[in-house]
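Working notes, beginning with the structure itself.
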Amino acid sequence: MEMMLALAVGTLTGSGVYLMLRARVFDLIVGLTLLSYAVNLFLFLMGRARIGAAPILDGQRAANLAEYADPLPQALVLTAIVISFAMTALMLVLALRTRAETGSDHVDGEEPR
Amino acid sequence: MSSWPHWMIMPVVLPLLCGALLILLERNRPAWAPWLSVASLLALVGLSTHLLIAADSGEIGVYLLSNWRAPFGIVLVLDRLSALMLLLSNLLGLACALHALGGDAQRGAHFHALLQFQLMGLNGAFLTGDLFNLFVFFEVLLIASYGLLLHGGGAARLRAAIHYVSFNLAASALFLIAVGLLYGLTGTLNMADLALRVAALEAEQLLLAKSAALLLLVVFSVKAALLPLYFWLPATYASASSSVAALFALMTKVGIYAIARVFTLIFGASAGLMAEPAGSWLAILALATLVLGSLGALAAEHLRGQIAYLLVASAGTLLLAIGLGSPGALAAALSYLPGSTQACAALFLLAGQLSAARGSQADALQAAPFAYGRQRLGLLFFIAAIIVGGLPPLSGFIGKALLLQASQTHALMAWVWAGVLLSSLIVLLALARAGSTLFWASDDAPVPCSGPAPGVAAQLSCYALLALAIASGVLAGPLYRYASASAAQLYAPQAYIDAVLAQDSAPARFDVRKEMREAGLSKGGAQ
């Protein structure tokens, strides 16, 4: 499972960086989104990949990380998702305004000479 | 600490409440909004002065949010460095708000609300003692800064904003990766706790921890404008409105603050195997930044672009002092920081007034007639230029002299002296050329100007910033004493760690669990 998740993080990051470097605003936004997915998955994994472990103490098992999943990375991921969602919305508005004002979807606002 | 413990969180809560209130006020009572904003900023300046006096006792103030003990909850920590940065940011915020009364605030919606949120982010970033919370406050200040940068609209601002926003989003992604790595290695995000656990890491985890540390350095360098990462800065700062650019003069200092904090506390000399992961690279890159920033100032074609490059050079000076890694150099940096920031901010405000007075020529570095205020602006420019260029007798000179003195025993001494002196010479040339072209080669003529003559508030903010910058030179003795005490505090992180981890929760006024049990609401009672 670790290998699969690590490959997923790597693929998402690689695609995200490639798209960001294409210097078109739409590709840039998709690239940033993929990068933020990669980061969220990575943060989630930093609490260790566990299957079937509850994050909330039920009082019946000993309170340690061998019995439970670490709830903190999930809280971090939630915060990161909210922020990256808002930022994607902002980037989209910015991209539309730039396209309208400059007539170009290049990140510099004009076609490269 | 002070009598009422909640003073410490007020620099975050007050702008948050005022910002929210301002959104309502701007719709219903637009005439009241600027006054509420200025009143809030005056209160913030008073508050941060109070906190500065409290922090100067040498005691480290710790505020437990929701009364959760560190490292389980988030803490706010007030030491000398954070108190100094708080006061500086709120002073610049006040100057920005006053200057914006003269017209910048009316070019779009919600200027003052955005300004309050920006200050909330800045104040929070200076106060927090938690790495993830630092990320959150970085996002708060960045989101507000995107709004402020775009305020007033226009194609140039949009172009600059695309670069600025996407660059900072990529940096935020790296920040999260670094935070995740550190959490995965140590299981904590509290900076004091991290300091203990990073020092106790085993050799096989060293490589990951080192990558996390260097990723953090990259992220903070994006904010602080270190060499390969400053290319977004000149276009961004030159396209923002002048009030906003003056506040942005502080934004690079947030990155510098974060580097100074994290690389003395978590990855400082006491971190065992993890001590100083960047080696002398920080100093070398900062030197290159300093020289390139000054060359950029020499090559600039517009006054605002020139000031933006001066900010890069000033960030280079400060990072160089941090990179030298001695308390003396850091003390020099901290006594250089207030004066140079205020002078650069004042220059941005001057550039705004100058553009308005010259009509279509705006701030191009060419001789062009002034509709009004040539002598007044020229005199103010001259004073600010002396401070930024580092000529005696004003504050810029004292800071740079202290830095040269502190680098005497360092291995890179020859390079530091050469770099700092050379860049000072280049900056001086650039400012002399700009000043003589703008003010001496021009004359007064009734040209059509692009804005109204600056009002009382706008002029006052300019004078006040310059007066503060001069004061930080006149009061160099007390300032240097405070700066060396701050540097000593940063280089002795044990006191910070002890203060944070030993802070007890305040005694509960009432016991929630007991009351729930009595009301039959607890788990046992419900079953």
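Note that Cβ sites are derived from N, Cα and C of the backbone, with glycine treated the same way.
What TrEMBL lists as domain 'NADH:quinone oxidoreductase/Mrp antiporter transmembrane' is B:129-423.
Under the heading transmembrane segment, TrEMBL lists B:6-25 (among others). For the transmembrane segment (B:6-25), the residues of the chain that approach it from at least six positions outside its boundaries are 32-33, 36-37, 40, 43-44, 47-48, 50-51, 54, 61, 63, 65, 76, 78, 86, 90, 110, 112-114, 116-117, 119-120, 123-124, 127, judged by C-beta separation under 8 angstroms.
As annotated by TrEMBL, transmembrane segment applies to B:32-54 (among others).
The transmembrane segment feature in TrEMBL is assigned to B:83-102 (among others).
Sequence-remote contacts of a segment are chain residues at least 6 beyond its ends whose Cβ falls under 8 Å from one of its Cβ atoms, and for the transmembrane segment (B:122-149) they are 8-9, 11-12, 15, 44, 48, 62, 70, 74-78, 82, 85-86, 89-90, 93, 110-111, 114-115, 157, 160-161, 164-165, 168, 172, 175-176, 179, 182, 189-192, 194, 223, 236, 239-240, 244, 247-248, 250-251, 254, 257-258, 262, 500. What TrEMBL records for B:122-149 (among others) is transmembrane segment.
Summarising the annotation, TrEMBL assigns transmembrane segment to B:161-186 (among others).
According to TrEMBL, the transmembrane segment annotation covers B:206-233 (among others). Away from its own ends, the transmembrane segment (B:206-233) comes close to residues 138, 163-164, 167-168, 171-172, 174-175, 177-178, 181-182, 184-185, 198, 251-256, 258-259, 262-263, 266-267, 273-274, 277-278, 282, 285-286, 288-289, 292-293, 308, 311-312, 315-316, 318-319 of its chain (Cβ-Cβ under 8 Å, at least six residues beyond either end).
Annotated transmembrane segment per TrEMBL: B:254-275 (among others), in sequence order.
Per TrEMBL, transmembrane segment is recorded for B:281-300 (among others).
Here TrEMBL flags B:307-330 (among others) as transmembrane segment. Within the chain carrying the transmembrane segment (B:307-330), a Cβ under 8 angstroms from the stretch's Cβ atoms is held by residues 221, 224-227, 230, 233-234, 236-238, 245, 249, 252-253, 255-256, 259-260, 263-264, 269, 276, 278, 280-294, 296-297, 300, 336-337, 340-341, 344, 347-348, 351, 388, 399-400, 402-403, 405-407, 409-410, 412, 416, 419-420, 423, 427, 483-484, 486-488, 490-491, all 6 or more beyond its ends.
Under the heading transmembrane segment, TrEMBL lists B:377-399 (among others).
Look at TrEMBL and you will find B:411-432 (among others) tagged as transmembrane segment.
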Quiz prompt | Ranked first among B:161-186, B:281-300, B:411-432 for CB pairs under 8 angstroms with the transmembrane segment (B:377-399) | solution = B:411-432
Self-check item: Stretch in B:83-102, B:161-186, B:411-432 most in contact with the transmembrane segment (B:281-300), if contact is a CB pair under 8 A
Solution: B:411-432
Exercise. Six or more residues out from either end of the transmembrane segment (B:161-186), which same-chain residues have a Cβ under 8 Å from its Cβ atoms?
Key: 131-132, 135, 138-139, 142, 146, 149-150, 193-194, 197-198, 201, 205, 208-209, 211-213, 215-216, 218-219, 222-223, 232, 235-236
